[in-house]
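I have placed the structure first, in the form of structure tokens, so that the comments after it can refer back to it.
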Amino acid sequence: MVYSKTIACMFTMLLLAPAIMATDPDPLQDFCVADLDDNAVRVNGYPCVPQLEAGDDFLFSSKLARGGNTSTPNGSAVTRLDVTEFPGENTQGISMNRVDFAPGGTNPPHIHPRATEIGLVVKGELLVGIIGSNESGNRLYSRVVRAGENFLIPRGLMHFQFNTGDTVVTMFVSFNSQNPGIVFVPLTLFGSDPPIPTPVLTKALRVDTGVVELLKSRFAGGSFQAS
Ligand SMILES: *[C@@H]1O[C@H](CO)[C@@H](O)[C@H](O)[C@H]1NC(C)=O
Ligand SMILES: *[C@@H]1O[C@H](CO)[C@@H](O)[C@H](O)[C@H]1NC(C)=O
Ligand SMILES: *[C@@H]1O[C@H](CO)[C@@H](O)[C@H](O)[C@H]1NC(C)=O
């Protein structure tokens, strides 16, 4: 009897619990074109430009029509179309990026803390790797994705892309967040500000001080340094 009461009680709590949000919150108006003014007060996202002053440019963008210069240390160029680049996305729970890769170029292991990602390769062949959490036994899921094919990155999982071919790769990705966020794994480990104490990293990575210092020197100043 006590047992069934406990179950009934748990069931009621579940029913009363607020809805679980798997994406950004729903908008409360048709449009809320972001006012990117730094001094504006933010609650969750950006305040809105008055609708009558917003025009109609906020519904269109040509920023992803061209890729960036891939002559970078990573051999890739990310062209962002998040809310700061496309203010009409504010409150809509959606955004995109374009990434171009030179042969051998990579988008280093990283995590989007606030979004699931779906990608489409439109040119070339791209190795896409997704590393499951401990729950999957840290499994590496990977495949070469070709033009016209898609891939999916579950929210919060570490992933990377690498151009294994000898031609340029172009991919477009969409996120279910206006601001997916990014945690670059190499940069957060070795280029944080201030740095993670070296003894933490020697113990965690099972290497000696010299190895950690070398890696830190590559990411000094918060960005990747060419060797
Ligand atoms: C791309 O970047 C490299 C290195 O910064 C530079 O030498 C090159 O001129 C750039 N190419 C274009 C098309 O802007
Ligand atoms: C290259 O990768 C590093 C992380 O390994 C990252 O910090 C940096 O922003 C990337 N550079 C570009 C231009 O994407
Ligand atoms: C990680 O997974 C292994 C194998 O399933 C399990 O034994 C271990 O307890 C897990 N560790 C954590 C911290 O969840």
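Cβ from N, Cα, C; glycine included.
According to TrEMBL:
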{"type": "SIGNAL", "residues": "1-22", "note": "signal peptide"}
{"type": "DISULFID", "residues": "C32-C48", "note": "disulfide bond"}
{"type": "DOMAIN", "residues": "62-213", "note": "domain 'Cupin type-1'"}
{"type": "BINDING", "residues": "N97, N107, H112, E117", "note": "oxalate binding site"}
{"type": "BINDING", "residues": "H110, H112, E117, H159", "note": "Mn(2+) binding site"}
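Here N107 (oxalate binding site) is compared against the recorded positions C32, C48, H159, and the shortest C-alpha distance is to H159. Those residues of the chain, other than H110, H112, E117, H159, with a C-beta within 8 angstroms of the mean position of the Mn(2+) site C-beta atoms are I111, A115, I153, L157, M158, P180, I182. Annotated oxalate site N97, N107, H112, E117; additional same-chain residues within 8 Å of its Cβ mean position, judged by their own Cβ, are V78, V99, H110, G119, I153, H159, V173, F175, P180, I182. Per-residue pLDDT, averaged across the domain 'Cupin type-1' (62-213), gives 97.
The separation of H110 (Mn(2+) binding site) from C48 (disulfide bond), Cα to Cα, is 31 Å. Here the C-alpha separation of H110 (Mn(2+) binding site) and N97 (oxalate binding site) works out to 14 Å. A simple way to gauge crowding: the CB of H159 (Mn(2+) binding site) has 23 other CB atoms within 10 angstroms, across all the protein chains here.
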